[in-house]
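If you check TrEMBL, you get these features:
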- 20-381: domain 'Major facilitator superfamily (MFS) profile' (DOMAIN)
- 21-43: transmembrane segment (TRANSMEM)
- 55-74: transmembrane segment (TRANSMEM)
- 86-104: transmembrane segment (TRANSMEM)
- 110-132: transmembrane segment (TRANSMEM)
- 144-166: transmembrane segment (TRANSMEM)
- 172-194: transmembrane segment (TRANSMEM)
- 206-226: transmembrane segment (TRANSMEM)
- 238-255: transmembrane segment (TRANSMEM)
- 276-298: transmembrane segment (TRANSMEM)
- 310-333: transmembrane segment (TRANSMEM)
- 340-356: transmembrane segment (TRANSMEM)
Amino acid sequence: MRQPHSRPRRVTDDNVKWFTLVAACFALFMAILDNLVVNVALPTISEDFSPTPSQIQWIISAYTLVFASLQITAGGLGDRLGRKRFFLIGVAIFTVTSALAALVRSTEWLIAARAVQGLGAAFIMPLSLSLISAAFPPEERGKALGIWSAISVSGLALGPIVGGFIVEYFAWQWIFLINVPIGIMAFLVTTAVVRETRDESGTVATDIPGTITVTGAIAALTWSLIEAGERGWGDQLIGTGLAISALLFAAFIVIEQRTAKPMVPLRFFRSTTFTGANIVAFFISFLISGVAFSMTLYQQNIHDFSPVRTGMAMLPLVVTMMIFAPLSGALVTRVGSSRLIAVGMLITGSSAFLFLRSWVSASYIDIVPAMVTMGFGNALI
């Protein structure tokens, strides 16, 4: 007697939401990882390409500049025209340019690849969140977003360690090639299982003129700050770059005031809470990014740390943040967010003072208290 063929398992709504979470988190992890993974490889890359000091900074800044500038617009395009579609575009861009970054033979091409890689990350970051929010019902959304947030923090924490391990035991090119299988898997799972969603309200902003002007303004400002280290603040080109940045920022403000769907509604800045939170976030990011960049070069070039040891050297900062971050959530209800942020800023500021006092002649052990202090202060913010 013939046995009936077993039916293939259907992809249920429950399967779809978890597959969506997996695909989104894998793509998010590689995008977040690349924020810091390259730092540890900079001395090794410098041996191959002999970049100028400003080019070394651009290897990092090209990625973060494009990533940060285009997130709002990229997310808006996905919400309006299809989240899955533009998420796939972002994953494809990131994966292809990761492979290209490993194949380049000059600093200029590496910087270009990093910039385009940042474009892919600008689509991945907001749309991974949107896809998860659309896939999960309200009662489960908080848990899913908690996993998304944990993956984001893990990417930042593991970036220096993963980068150090790869550079020491393989080659710096593999810090980019490792993204390729992750990106391919995220692309295939998304294509096969994730459902297309979009915002049907018609209120999503895609402010292209605003995006162009603010991106140009930030790029001109970043270029001026980086190049001033080599050219000097009195150089005519530096003054021109700063003037262009100011003009583009002014144009951005005018555009945002007049457009019906602004990229950043300026009325938000009337809220002291919103404005204060953004100012705090700016200075904290500025400080941590500067420490991560400087410590990488300092430990390898001055103290002859191996890449792995350099990555591990950031653990006091990262582990302290991970341990005390949950504490801030409990303290908010007791002391209020404004007081907690003020204390966190004070502690973080004191860590900067500790770095300044001990940086030039310090051993690694001398710097650990400054990193722990910075991690604790940042965890409270």
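A Cβ is built for glycine as well, from the same backbone N, Cα and C atoms used for every other residue.
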Count, for each of 86-104, 110-132, 144-166, 276-298, the Cβ pairs lying under 8 Å from the transmembrane segment (55-74), and report the range with the highest count. 110-132
At a threshold of under 8 Å on Cβ distances, which of 238-255, 310-333, 340-356 pairs most often with the transmembrane segment (206-226)? 238-255
Interface present between the transmembrane segment (340-356) and the transmembrane segment (86-104) (three or more C-beta pairs under 8 A): no
Flag the pair the transmembrane segment (172-194) / the transmembrane segment (21-43) as in contact if three or more Cβ pairs fall under 8 Å (sequence separation 6 or more). yes
Please determine whether the transmembrane segment (276-298) and the transmembrane segment (340-356) are in contact (criterion: at least three Cβ-Cβ distances under 8 Å, sequence separation 6 or more). yes
The recorded stretch from 110-132, 144-166, 310-333 sharing the largest number of CB pairs under 8 A with the transmembrane segment (21-43) is 144-166
Taking pairs 6 or more apart in sequence, does the count of Cβ pairs under 8 Å between the transmembrane segment (144-166) and the transmembrane segment (340-356) hit 3 or more? no
By a Cβ-Cβ criterion of under 8 Å, what residues six or more beyond either terminus of the transmembrane segment (340-356) are in contact with it? 276-277, 280, 283-284, 287, 291, 328, 331-332, 367, 369-371, 373-374, 376-381
